[in-house]
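What follows is a single structure, written as structure tokens, with notes after it.
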């Protein structure tokens, strides 16, 4: 096949921090949970290929919807040998398929097309065609951002250039793929949901030529350059093209691999309607495929309409369920804010909340119906809902005392006082901290929290607040709420405290981290011994988002109603996910001394990530209007400590928070729009 050179502007990615961000976007359902068919095609020019890979094995990723261990959807990349790496989370397997024979060489433009059809794969790399399959037949749940030029999972960046990326909501035929390679995509074709030519030549936004939505924002600093793309000429009258078919090659040994070296040179005619229908029928035999079977006589055009109908069907069912269970008129979502524990790392959610206040121009308490937190997150939740004292020293129950920016100063100005360790105790070291006494005196923490919260009654807080702790004598969870009607003081399984307790009581209880601070004792008439003995709520719920949903349901059930997932918006803020690992050879002989602090970190971080993962699976993606937003980042080992108040560490935490805001800026805008609705 001969080529015709097409000159245009293209984007060049430096492999360091450049990429295009399309937000948490499933492209109208193409990459949504349950989607079983799509096509992606385009042009790629790799400038450098390395062996650095994601945890799934995808290298030099140029197109992805993937950010963390719970939100991965797909990753397309190039191996260091110039083959196509393909990861698709299709619910059954999670490893990379590799296709090709070294076609994707450095410094040259190459055409690619990836067709996924109910687990069956067809890959085109220039003139070559490869086939393969996955065991699963449809995509898994994902909430990550869609990106070109990188994957946010493990930060694997692409070095090179991209152009004419198209995404279709059905499996394109071989004849259609050849029109893509010839550069004949117009932008108004049926089933085309995104077409990024990437030829703008200037600015920081790339436009979708197939519609007004799904535009992307440049991150890092990708540069515009002039390039010549070797489009293929149109097919001859006979429509014959030679394509080399090869068995799929993978890095994972499977029973289905028989002979990776066998290749056959074939001559293909443009596919007839009958041929297309037969292939479709055969691929739909899988018992795991939740699809409407298509009549054999239907054409490709009708396949597209059925696909669209299938993707919309769950939405209709959900609306019907909502009518049946809620029996109310349409209303805005019930909005929940949940903040993880994490000590000094509370800097991260505090900065995120300050950004939300900046963009919405509203205080946090006015944007949510329920605010919950654990430990450092509990302090933020309490502070954001505390009413302001007037000049007459009474409380104004319509204005918050503190903004998120105000509470950030607790960490920046007073962090060293809260986590203050006298010099002589530092000399005695870790043994005394673990075996003899808490690492820090509670005096500094009590003084700072008293300064901020005083004796303000908990029940006066402006919005419903829910803060976690644990009583080590009663051996039950103890929660603080400002809702008197929810108080529970007799249960042997848990307590909810409100009347006669202060904001300071709740703040000191939720942040009394074992081994770091002494338990906080609160006087009460509820118990025979006359007090509660409370420690950090992170021991039972470091990520309190699931408890907040339960609280919302309890409130709703009082009116004989309940929430469906589409009725709730959950914003969950992490304080950084830990990455330090503990190799077996190093820990197999550890005792109490070595395990004390690592075990606490494992309990806190593990509990948070379990809840985050389960909630991501619970909530269904609704276009660009999500019901669940989780803002979390990964931390290197030196940033994991919850008590590291050194100026350098605080600056790094601030930088991480600001980088997270930059990377998720579009999602934050979407969230702010929902919060203000």
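Using N, Cα and C of the backbone, Cβ positions are placed for all residues, glycine too.
Taking a C-beta cut-off of under 8 angstroms and a sequence separation of 6 or more, residue 375 (active site, nucleophile) has the following same-chain neighbours: 341, 342, 343, 510, 511, 513, 536, 537, 538, 542. According to TrEMBL, the active site, nucleophile annotation covers 375.
Here TrEMBL flags 536 as active site, proton acceptor.
Annotation source TrEMBL lists domain 'PNPLA' at 337-549.
Here the motif 'GXGXXG' (341-346) is broken down by DSSP into helix, strand and coil counts: 4 helix, 0 strand, 2 coil. As annotated by TrEMBL, motif 'GXGXXG' applies to 341-346.
The motif 'GXSXG' annotation in TrEMBL covers 373-377. Across the residues of the motif 'GXSXG' (373-377), the predicted structure has a mean pLDDT of 96.
Within the motif 'GXSXG' (373-377), the DSSP-based counts of helix, strand and coil residues read 2 helix, 1 strand, 2 coil. Long-range contacts of the motif 'GXGXXG' (341-346) within its own chain (CB-CB distance under 8 A, at least 6 residues past either end) are made by residues 373-380, 411, 415, 419, 510, 513, 516, 536-538, 542, 574-576, 604, 608, 635, 639, 641-645, 649-650, 653.
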